[in-house]
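A.B. asks: Before I ask anything, here is the structure I am working with.
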Amino acid sequence: MRWVWALLKNASLAGAPKYIEHFSKFSPSPLSMKQFLDFGSSNACEKTSFTFLRQELPVRLANIMKEINLLPDRVLSTPSVQLVQSWYVQSLLDIMEFLDKDPEDHRTLSQFTDALVTIRNRHNDVVPTMAQGVLEYKDTYGDDPVSNQNIQYFLDRFYLSRISIRMLINQHTLIFDGSTNPAHPKHIGSIDPNCNVSEVVKDAYDMAKLLCDKYYMASPDLEIQEINAANSKQPIHMVYVPSHLYHMLFELFKNAMRATVESHESSLILPPIKVMVALGEEDLSIKMSDRGGGVPLRKIERLFSYMYSTAPTPQPGTGGTPLAGFGYGLPISRLYAKYFQGDLQLFSMEGFGTDAVIYLKALSTDSVERLPVYNKSAWRHYQTIQEAGDWCVPSTEPKNTSTYRVS
């Protein structure tokens, strides 16, 4: 394990390799939204949560730590990636301190909650730091199709794993820290058992509108329509994590507003952004439609790529949102949707506008964590060598067949 041995220069990290090898042999245990609710119900047991997390968190950490070692050496050698690796190793060792502790000891439970808060804070900057590592790699070595494909595959899994780990930590710390959230007293941890979808839409719109008004001195209006197939007279509610939904919607609103304002800069009236929320038997779908000029079909997948950001690289100390400069808004938003078996897709008509659709599971029993697992299938993905395509590639200058030429 190349990166682990480098970390062994620090004696305090010497136990990491054996823990990584041990826990990476187990597959993560995905939880459903209903199970999260049960963990945090009025009969929630801190000892049960402690016993589960001290086993499950190392499994999730070790699985992704094994996988990161499959990245190209050139990526692993960047200072930013090495820093992220050191955070993961330290967090794993922090949890190992509790493997043999007694769940009946209240001091142990309190110390465990404090340790989880420390781990969560340590990992606050994982996304921008890993993004910086990708930039360091690109600046030094340029673009390589095979490496790019592996990095895209890994980062989707790495960031999804991070979302899941933070979800577990947040649920435990929010429920068992001995206090209630005064702003959201009915929330169970970070989950709202009765999340009003349209209210989250409005909150995300209002924040994006503030930014749009600040930079463009104008912003499009919002039109919301709800279709509840089960009961047309009832507003649409679901069991969900409002912060996850807000993250997705805020990113989509920012993109839609910018496209709308910039494509209608000579118009006195901006076309509104239309949002439709539809609840069916299986899916809850949210469609956001703008008239911002659209995107060519060939560029759609690039919008979800970590390697093709057109945004300027963020400069330290300039303020603002760090992710804005890395162009990670859409790919991370899609991962939030996929985390509980949903999806985020874009449908664009160049010259007109774009529809963005968020698909979520309508039932809490169907909303089950989507988790990466380190196994032979994942390993083989990194060993794949890009071969020549089996479709003709059109030349940039098609052959002129209008005139007969003697060869």
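A Cβ is built for glycine as well, from the same backbone N, Cα and C atoms used for every other residue.
As listed in Swiss-Prot for this protein:
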DOMAIN    135-364  domain 'Histidine kinase'
MOD_RES   Tyr215  phosphotyrosine
MOD_RES   Tyr216  phosphotyrosine
BINDING   251-258, Asp290, 309-310, 325-330  ATP binding site
MOD_RES   Lys376  N6-succinyllysine
A.B. asks: Could you round the CA separation between Tyr216 (phosphotyrosine) and Met257 (ATP binding site) to a whole angstrom and send it over?
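C.D. replies: Spelling it out, the Cα of Tyr216 (phosphotyrosine) and the Cα of Met257 (ATP binding site) are 10 Å apart.
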A.B. asks: Provide the three-state secondary structure of Lys254 (ATP binding site) computed with DSSP.
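C.D. replies: Once the DSSP labels are grouped into three classes, Lys254 (ATP binding site) ends up as helix.
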A.B. asks: Of all the modified residues here, Tyr215, Tyr216, which one's CB has the most other CB atoms within 10 A?
C.D. replies: Tyr216
A.B. asks: Cβ-Cβ under 8 Å from Glu251 (ATP binding site), same chain, 6 or more residues apart: which ones?
C.D. replies: Gly329, Leu330, Ile332, Ser333
A.B. asks: For the residue listed as 'N6-succinyllysine', which of the recorded positions Tyr215, Lys254, Met257 has the nearest Cα in space?
C.D. replies: Lys254
A.B. asks: Quick check on the recorded positions Lys254, Lys376: which one has the highest count of other Cβ atoms within 10 Å of its Cβ?
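C.D. replies: When each Cβ's neighbours within 10 Å are tallied, Lys254 tops the list.
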A.B. asks: Please list residues from the chain of Met257 (ATP binding site) whose Cβ is under 8 angstroms from its Cβ, counting only those at least six apart in sequence.
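C.D. replies: Those within reach of Met257 (ATP binding site), by Cβ under 8 Å and sequence separation of 6 or more, are Ala208, Lys209, Leu211, Cys212, Tyr216, Ser219, Pro220, Ile273, Asp290.
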A.B. asks: State the Cα to Cα distance, in Å, between Tyr215 (phosphotyrosine) and Lys254 (ATP binding site), rounded to an integer.
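C.D. replies: Their Cα atoms are separated by 12 Å.
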A.B. asks: Summarise the model confidence on the domain 'Histidine kinase' (135-364) as a single mean pLDDT, whole number.
C.D. replies: 91
A.B. asks: What is the Cβ neighbour count of Gly329 (ATP binding site) at a 10 Å cut-off, with all protein chains included?
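C.D. replies: Looking across every protein chain shown, the total is 21.
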